[in-house]
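Listed in TrEMBL for this protein:
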type: DOMAIN; residues: 22-206; note: domain 'Thymidylate kinase-like'
type: BINDING; residues: 24, 25, 26, 27, 28, 29, 30, 31; note: ATP binding site
Ligand SMILES: Nc1ncnc2c1ncn2[C@@H]1O[C@H](COP(=O)(O)OP(=O)(O)OP(=O)(O)O)[C@@H](O)[C@H]1O
Ligand SMILES: [Mg+2]
């Protein structure tokens, strides 16, 4: 669903693009919602770039392999935080910023908050340190909007089914700490977040997200 084509003449064009991140636990519905939002935007003529972390670039795909497909205990907590930050640094420099400069709408599955929630809150590394590390990596780029898909850990596990990577294999109490980490971040900056009850039907959530993104796009034009 990647599109590099600029909007047709007469279609809604953006000067500096819009950056939207989807966050939430494993199985919360991030990929589902970024797909639905992207389709809605494309129907209106916006150029949409779908991407994800980790693994949005070639270097990122290699880092993703190291991070998610190793043995349990194979990546120490600080190495884990640095690898995620390295993926993010390269992703922003080589893909996200250039797309925004072209006026595209960039939709990413996971961004900085995932590091704070997973490595900061759940691995007991300092929340602020992990955030500062990521902000350094991306030279301060934060999303215009972060959509937080909030689900209880048990439901995320049910939705993920039987396939589990190294982080997904962690117990539900790990996923509860991750969930609280995300909610704390949203509470600190409510204007930049849309927190949605992700137990609702996907189409209903998509309509809520589209309404908020529509407001932001209206303000940019
Ligand atoms: N609102 C919803 N209600 C019910 N099922 C949903 C909803 N949203 C997504 N699903 C289903 O839950 C599963 C996980 O959704 P999805 O892959 O979008 O989550 P994700 O957050 O991207 O997961 P991951 O962290 O594993 O990438 C999929 O089978 C999807 O069809
Ligand atoms: Mg996904």
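Cβ atoms here come from the backbone N, Cα and C positions, even for glycine.
Keep in mind it's a predicted model, so treat the numbers as computed, not measured.
Secondary structure at residue 24 (ATP binding site), as computed by DSSP, is strand. Same-chain neighbours of the ATP site beyond 24, 25, 26, 27, 28, 29, 30, 31, judged by a C-beta within 8 angstroms of the site's C-beta center, are, in sequence order, 22, 149, 151, 156, 159, 198.
Checking the binding-site residues 25, 27, 28, 30 for a CB within less than 6 Å of any atom of ligand 1 leaves 27, 28, 30, listed in sequence order. Counted over every protein chain shown, other Cβ atoms within 10 Å are most numerous around 25 among the binding-site residues 24, 25, 27. Under the DSSP three-state reduction, residue 29 (ATP binding site) is assigned to coil, being neither helix nor strand. Non-local contacts of residue 29 (ATP binding site) by the CB criterion (under 8 A, 6+ apart in sequence, same chain) comprise 149, 151, 159, 198, 202, 205. Per-residue pLDDT, averaged over the domain 'Thymidylate kinase-like' (22-206), rounds to 92.
The Cβ of residue 30 (ATP binding site) lies under 8 Å from the Cβ of 22, 23, 24, 109, 110, 149, each of these being in the same chain and 6 or more residues away along the sequence. For ligand 2, the nearby binding-site residues are 31; that is, of 25, 27, 31, these have a C-beta under 6 Å from one of its atoms. Take the CB of residue 26 (ATP binding site) and look out to 10 A: across all protein chains shown you find 20 other CB atoms.
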